[in-house]
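In what follows, a structure is listed as structure tokens, so that the remarks can point back to it.
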Amino acid sequence: MTTVSITFDLLSSMQPRKWLKNQNFVGEITSLSFDDSGELCLASCTDDTLQLYNCISGKFVKSLASKKYGAHLGRFTHHSNSLIHASTKEDNTVRYLDVVTNRYLRYFPGHKQTVTSIDVSPADETFLSASLDNTIRLWDLRSPNCQGLLNVSSPVVAAFDATGLIFASVSERKYKISLYNIKSFDARPFQDIPLTFLPPHVRIANVEFSTDGKYLLLTTGNDFHYVIDAYSGSELLRVPSKVSTKTQDGNLTYYASACMSPDSKFLFTSYDNEHLCMYQLPELKQTVNSDHIVNSFTEMGLASTTPTSNSHSTENPLAIIPSSTSKNLLPETPSIVRFNPRFSQLVTAHSGVIFWT
């Protein structure tokens, strides 16, 4: 969790303080990740490199080349000197890289098509990978062998909750979220949540839990992102997104262009190539009624009506924040938006990385 108190005034006053771009970099950034300390930011790039940045000093640290295999979905392990990433060339192997030596420590083969998501467990040395080959795999960093395999009916993305005990998968074609117990990885999901509010042919880019476990954020390659109740699957918030997708080696790359703050109270999205929008998440009040959970929603701040599961309304942003307010900063398309989980700091990216404080 963040070590600094998060408030509306603090977030709405954020400005882009530093714009960083490797002078030799000519591609685009496709994903961002932070190490456990929050001091390092990792960017995966279309020029087959992984770029490291220091979040404290706001400086470029180093570039790690992966010219043979390509790089996407780079994620730090629980050690700042190692990371894993998906391959965009050769095959669809997930690779384990030593940041200091730029040498691979281990390979995780098995996926037959493009890897769509990678998520490291917050609890231990395991991680999930999902793929267009309709599988989800569970791995242990200490072994190249797959620890668990789920065959699903359509391409999915997957993510752990904050405890590492539960993970969610979202199916594009089945329009549902499936919740699994990590201790029974190969078993059927303990809950399936239909996503009846999703429009036809929506493309899911990413799924993530809020840190308090109450919300699930679905970012898409279509016109909207969705915040849903992690217990009931009800649509709580629908916000517009106009970030384009990019075709890479014949495959579409979808950006994680929205994120929640570490206190689970605010949502940030990229909107129109020059601005970020900030929304307040609806408060979930849970009361136990017999053997099930009943959720009631209370409006907060300036939020408008909360959509029900069949609603098609959207929320108005609490604040619209320009992505460039300084003459020293070049305008950037904020196609990726991530919140540093340890500090009150936003990071956005496209062809470079912008630090907001």
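Using N, Cα and C of the backbone, Cβ positions are placed for all residues, glycine too.
In Swiss-Prot this protein carries:
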- 24-65: repeat 'WD 1' (REPEAT)
- 110-149: repeat 'WD 2' (REPEAT)
- 199-241: repeat 'WD 3' (REPEAT)
- 247-289: repeat 'WD 4' (REPEAT)
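Beyond the ends of the repeat 'WD 2' (110-149), by six or more residues, the same chain brings 72-73, 75-78, 84-88, 92-94, 96, 155-160, 162-165, 167, 169, 182, 185-186, 206-207, 251 to within a C-beta distance below 8 angstroms of the stretch. With helix defined as DSSP H, G or I and strand as E or B, the repeat 'WD 3' (199-241) counts 0 helix, 24 strand, 19 coil. Note on the repeat 'WD 2' (110-149): DSSP counts are 0 helix, 20 strand, 20 coil.
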